[in-house]
Amino acid sequence: MELHSRGRHDAPSLSSLSERERRARRARRFCLDYEPVPRKFRRERSPTSPSTRNGAAASEYHLAEDTVGAASHHHRPCVPARRPRYSKDDDTEGDPDHYPPPLPPSSRHALGGTGGHIIMGTAGFRGGHRASSSFKRRVAASASVPLNPHYGKSYDNDDGEPHHHGGDSTHLRRRVPSCPTTFGSSHPSSANNHHGSSAGPQQQQMLALIDDELDAMDEDELQQLSRLIEKKKRARLQRGAASSGTSPSSTSPVYDLQRYTAESLRLAPYPADLKVPTAFPQDHQPRGRILLSHDELMHTDYLLHIRQQFDWLEEPLLRKLVVEKIFAVYNAPNLHTLLAIIDETLSYMKYHHLHGLPVNPHDPYLETVGGMRQLLFNKLNNLDLGCILDHQDGWGDHCSTLKRLVKKPGQMSAWLRDDVCDLQKRPPETFSQPMHRAMAYVCSFSRVAVSLRRRALQVTGTPQFFDQFDTNNAMGTYRCGAVSDLILGALQCHECQNEMCELRIQRALAPYRFMIAYCPFDEQSLLDLTVFAGTTTTTASNHATAGGQQRGGDQIHPTDEQCASMESRTDPATLTAYDKKDREGSHRHPSPMIAAAAPPAQPPSQPQQHYSEGELEEDEDSDDASSQDLVRATDRHGDTVVYKTTAVPPSPPAPLAGVRSHRGELNLMTPSPSHGGSPPQVPHKQPIIPVQSANGNHSTTATQQQQPPPPPPVPQEDDSVVMRCQTPDYEDMLCYSDDMDD
C-alpha cells in the first residue's frame, strides 16, 4: 500500500508509468474487494465541486481520484462494489434526449444527487480486465451519446488515455470494470437487455420438448399426468387463497367449509330426481326422492349442501333449528321413524369422517345423537326381547348385553372396574347378534360426538375431526342404513309360537295410531283437539239433531242409529288368524252389562256389508289416520260440541279402553239385538253410521269414501298394564345425557 502513502501532488501521472506498473497499481487498488470494510471507514459518497475538477494544477491522477468520489486528501480503504443507483436531479428535470439508454453492466453509471452531476466512483463494477472484448465494443458504441456537459474526458481503455467522441471534449464517459462476483448481476433492466433476445427461443425450445414428451406418452400416462396437474392446481389454489386473503377471515370459525368444494373433494353432483337438500326439511310432501343409497350419499355433494347451509345460518336461527330437531327426534311416533332418523344422523357423521371435513360442534345432528341409543332401547323394550334374543320367557344373557350397551357406566371403586365401558368400546363388527351390532353402532357414534363436542368447547381455536375420536373404527365400518337393516331384519326373521310376541312385533312396525276413549276437562278445556279432529269431517248441519238430543237432558243416550249398529266388524285387510277366532267368540257371547243398560234398538236402517273369504286375505294397507280420531259436530243454535264415541266393553278387571274405528272416530259399543248377552272376548270396530236428522234423512259423510283401510286392531288383553315395560329393574333405566360419560 506504499502507493497510497504518497502525496497527491507528488504522484506521477498515469501516462508516465509503464504498463507493468499500471497493472500492479490497479491490482493493489482492487485487492480489497472481498474483504469486509469496518463501519467506521464507510463514508457517504458526495460529488466533488467543479472547481476541484477544473483546476489547472490538477494532474490526471487527481482527475481519476475525483471520478471515484474522493472528497479529501486522506487515505480511505477501498469499498467493495455495489449495484449502481439511478436517480435524476431533484431540482431540474433533464431532457430525456440527453440521457443514454441502459448500458451493459460493465459500463453502468448513475446520475448524481445535486446539479445533475454524475457519480463515477465505486458505484460501478470492477475487474474489467476479465471482461470480453464484446463489452468493449458495446461501450464504444454507446460512448457517442452525450451524458453531461460537466465532463470532458473518460478513461475507456487500459492505458488510461482520454478519448474524445464526436469532436466534443465535454461528452466523456469512464468505463468501470466489473468484478467477477458481480458480473451479470445488475439492475433488473439490464437483465432484460442481456436475455431479452434469448428468452423467446428458449421458451420455444422448452415447449417443443414438452410437445415431444406428450406425443411419446400413452393413454395411461396422459391420465396420470392430468391427475397430477389437477392436484398441483388445487394445491396452488389453496396456497394462493391462504396468502391472498380469499380464505376464511379471522372472524370465521375454524370449522368453516369455504376451502372445501365439490371439485376438491371429487364429489359428483347429486341426481336431479332427489329432493332439494335443505336445512329445514319440514315439508310433509317432499317433491323428489328421499331414499338414497350408500353411494349416492357418500360420493355426491348432497350432504355437502346441507352442511354448508348449517354454516351459513346465523346463530339464533341455528339454535332454533336445533330445538326443532330435538323435538322431532324425541317425539318419533314409531320404530320405523326412529330408525330412519338414526340412520340419517349416522350417515351424516360418516360423510364427515370419509371426506375429512371439520365438524361443526353446534350442528343439529351432533346435538341429537347423544340420546338416540336410549330412545332406541325404549322402542325395542316394548317388544318381547326375551323371546327375540334369548328364545325364552324371561331375560337372558343377550338381553343383559343389550341393556349394558345402553346404560351409563357406573362409578366404581378404585380397585373395581366396570366392564360396561369396555363393552361399549368394542368394535361393532365383533357382535354376532344383529341388535347388539346395531346398538353398538349407535353407542359408538354417540360417544365420538360427545367427545368431539367436549374437546371443541375446551380448545376453541383448532378444528376437530371425527377420526381423532373414532377409537374402535365404528365410522369406518358403518354403511348407510345399517342400523335399520339389522334391527328390522332381525324382527322380520324372528319366528315363534307366541302370539303375544307376534302382536308386539306387529304393533312396533305399524304406524302410530291414536287410542283415547274420552277427553275430560275441568272448568275449561286447554286441550288442542285439532290434533285429533280431521280436516275433512262432516259439517255442523249434518249433526245438528244429534247435538239437540244431547242438550235435552243431563245424560247422553245413544241414538237409534247407534243402537241399531252395535255389531262391530274388523276390517278384512287387518284381520289376523287369532282375530278371526276372537271375532267368532264375540258374536256368540255379547256383553250382558251393556245389553241391560242399553235401550231396545231398532233394526238397522242401512244394510251392513258382508265380506267374502277372499277379501279377508287381502294385504294390510297401512294408514296413519291419527288426525281424524274424533269427529266434531257443532249445533248451530247452542254451539254444542258432540263427539261420536265408542265405549269399549270391559272385561274384569280391566277398565274401559278405547279402540279406534274404521274411519278414525270412537263409536259407542252396545250389543246388537240379534245376539245374546254374553260379553265379547275382543272388542271390534264398527263402521260409521250417519246420524239421522229430524226429517229422517241420513246424512252422508264425505270421508267414508276417502279414508283408506284401518290398521290392525288392538286386542282387549293388551291394555296399558300388559303393554308395560317387561324389563327387570326398569326404574334404573332412566334417560341420561351422554355428556356425562367419561
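Indices start at 1 and increase along the chain as displayed.
Heads up, the Cβ atoms here are built off N, Cα and C, so glycines get one too.
Note that the structure is a prediction, hence the values are computed from the model and not measured.
Under the heading compositional bias 'Basic and acidic residues', Swiss-Prot lists 1-11 (among others).
Summarising the annotation, Swiss-Prot assigns region 'Disordered' to 1-202 (among others).
Sequence annotations record features per position, and here Swiss-Prot assigns compositional bias 'Basic residues' to 72-85.
Per Swiss-Prot, compositional bias 'Basic and acidic residues' is recorded for 153-171 (among others).
Annotation source Swiss-Prot lists compositional bias 'Polar residues' at 179-202 (among others).
Under the heading zinc finger, Swiss-Prot lists 387-501.
Less than 8 angstroms from the CB of C496 (Zn(2+) binding site) sit C387, H391, E502, each of them six or more residues away in the same chain. The annotation Zn(2+) binding site is assigned in Swiss-Prot to C387, H494, C496, C501 on the grounds of similarity to another entry.
Taken from Swiss-Prot, the feature region 'Disordered' covers 540-742 (among others).
Residues or ranges marked as compositional bias 'Basic and acidic residues' in Swiss-Prot: 578-587 (among others).
The compositional bias 'Acidic residues' annotation in Swiss-Prot covers 614-626.
Taken from Swiss-Prot, the feature compositional bias 'Polar residues' applies to 692-703 (among others).
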Chain-internal residues, separated by at least six, CB under 8 A from H494 (Zn(2+) binding site): C387, I388, C501, I505
Output field, Zn(2+) shell: CB within 8 Å of site CB centroid, site C387, H494, C496, C501 dropped: D384, I388, H391, E495, N498, E502, I505
For the zinc finger (387-501), the number of residues DSSP places in helix, strand and coil: 69 helix, 0 strand, 46 coil
C-beta crowding around C387 (Zn(2+) binding site), within 10 angstroms: 20
